[in-house]
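Below you'll find the structure, written out as structure tokens, and then a few comments.
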Amino acid sequence: MNYTIKSPDSLKASVKLPASKSICNRALILNALSYSPYEIRNLSDCDDTEVMVKALNSNDRDFDIKAAGTAMRFLTAFLSKVVGEWTITGTERMKNRPIKILVDALNALGARVEYMEKEGYPPLRIFGSALQGGEISLAGGVSSQYISALLMIAPLMENGLTLHLEGVVISKPYINLTLQLMEQYGVKAEWNGQTIKVRPQDYHPIPFTVESDWSAASYWYSMMALSKNAEIELLGLFKNSLQGDAAGAKLFAQLGVGTTYTDRGVVLKHNGNRTKKLNYNFVNEPDLAQTFVVTCVLLNIPFRFTGLQSLKIKETDRIEALKTELRKLGYLLTDSNNSILEWNGERCEPQAHPVITTYEDHRMAMAFAPAALVLPEGIEIADPQVVSKSYPHYWRDLRTAGFIIIDNEQ
Ligand SMILES: O=C(O)C1=C[C@@H](OP(=O)(O)O)[C@@H](O)[C@H](O)C1
Ligand SMILES: C=C(OP(=O)(O)O)C(=O)O
């Protein structure tokens, strides 16, 4: 299936964004670990959260978490402390996303987790039991999800857990999010420099409501940046959010979008400022990188983005995917060091009828859709259903805002 997306004359939207899947998937684990009687409010209906809900509520021993990185990593740790024998698998891509650092850590803490196919990758067989815990070192530069997964089960280990993080620690706000939510459920941790310590403690159930997703908000900021005539309000976002991607609001101020916080969310406005070049290190907000890459080239703003090392092992190799797809639109990007992506203004002949390939990556589809606002023919996007990973109602929300979306198979 392909969608052609065409720009409205004016864009008007008050959007109820999806709930943050990062918060949902943590709250689900913490609810289970605290034997909570409360149902989580405003849980997302996105794929990544649905696979988690299904796994936690099923009587099965074999789980398929599809493409959800958080579900794969958090459930692997969770199941390793639930007595029984379990298997966990996912999509072909998931079978190529590394998990060795987490498996080694769990096994060193008293768990038994084995590879069913390729060493270092899912699917896994997990023999759950009580965990001793203790003190271990692990690399902080591959995925913060390994660290979050270990931290959430840490207070229930016999000796607690002390983690020494080695090297650069990427995606730190996600570790902070984990610790903040653990604290809301009554568990305290100490994070000093490269060491995080969690003593044995019990979780205490609380009623919990999930906030809207700041990563999803970024696509609406991009639309605001690219449109001449727009009124956009995004509901359920907070200035003092626990989500690291709330940093997108400040960064978009440099691309001409101002944010006003209200008691129900944010209102976006053009602020008349646009930087001539954008340099930024995305190590703390990797999920925003695609939004900013696409927005900058379409605004004709050269950029140098660093800290992108984790993009190669996400839903697809996002560095390659961005280069390939933007070349179709006539933009030549260069990458270096597996972690830097740059555009110095270089152009090539655009394809006459480009179709954006999405590589089973929700963020490719969502980041390219705003291009409809500046391309006279609109933009054609392949496999648009990929958005269901984090934002199942994305196309419906775009239609409500005034975009014309044509399903090319109908
Ligand atoms: O913990 C989380 O909820 C997430 C952490 C990040 O992954 P990495 O830590 O692998 O960068 C992010 O990209 C992902 O979408 C969600
Ligand atoms: C990287 C992402 O997800 P995950 O790693 O949880 O699959 C994402 O949503 O951009």
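The backbone N, Cα and C atoms fix where each Cβ goes, and this holds for glycine too.
Not measured: the values here are computed from a predicted model.
Annotation comment: TrEMBL describes Asp287 as active site, proton acceptor. Taking Cβ-Cβ distances under 8 Å and a sequence gap of 6 or more within the same chain, the neighbours of Asp287 (active site, proton acceptor) are Ser215, Asp245, Arg363.
Within the same chain, the residues at least 6 positions away from Arg26 (3-phosphoshikimate binding site) whose Cβ sits under 8 Å from its Cβ are Thr70, Phe74, Ser148, Met152, Leu177, Thr178, Leu181, listed in sequence order. Under the heading 3-phosphoshikimate binding site, TrEMBL lists Lys21, Ser22, Arg26, Ser143, Ser144, Gln145, Ser171, Asp287, Lys314.
Listed in sequence order, the residues of the same chain lying 6 or more apart from Gln145 (phosphoenolpyruvate binding site) and placing their CB within less than 8 Å of its CB are Gly69, Thr70, Arg73, Phe74, Leu102, Ser171, Tyr174. The feature phosphoenolpyruvate binding site is assigned by TrEMBL to Lys21, Gly69, Arg97, Gln145, Arg318, Arg363, Lys389.
TrEMBL lists 6-57 (among others) with the feature domain 'Enolpyruvate transferase'.
Residues or ranges marked as domain 'Enolpyruvate transferase' by TrEMBL: 63-398 (among others).
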Please check each of the recorded positions Lys21, Arg26, Ser144, Gln145, Asp287, Arg363 and report the ones with a CB atom less than 6 Å from an atom of ligand 1, ordered along the sequence.
Ser144, Gln145, Asp287
Would you mind sorting out which recorded positions among Gly69, Arg97, Asp287, Arg363 put a C-beta under 6 angstroms from ligand 2?
Gly69, Asp287, Arg363
Counting across all protein chains shown, how many other Cβ atoms sit within 10 Å of the Cβ of Gly69 (phosphoenolpyruvate binding site)?
21
Consider each pair of residues in Lys21, Gly69, Arg97, Gln145, Arg318, Arg363, Lys389, all listed by the record as binding phosphoenolpyruvate, and report the largest Cα separation in Å as a whole number.
20
For Arg318 (phosphoenolpyruvate binding site), nearby residues of its own chain (Cβ under 8 Å, 6 or more apart in sequence):
Ala289, Gln290, Leu308, Leu311, Lys312, Asp361, Arg363, Met364
Structural state of Ser171 (3-phosphoshikimate binding site), classified by DSSP into three states:
coil
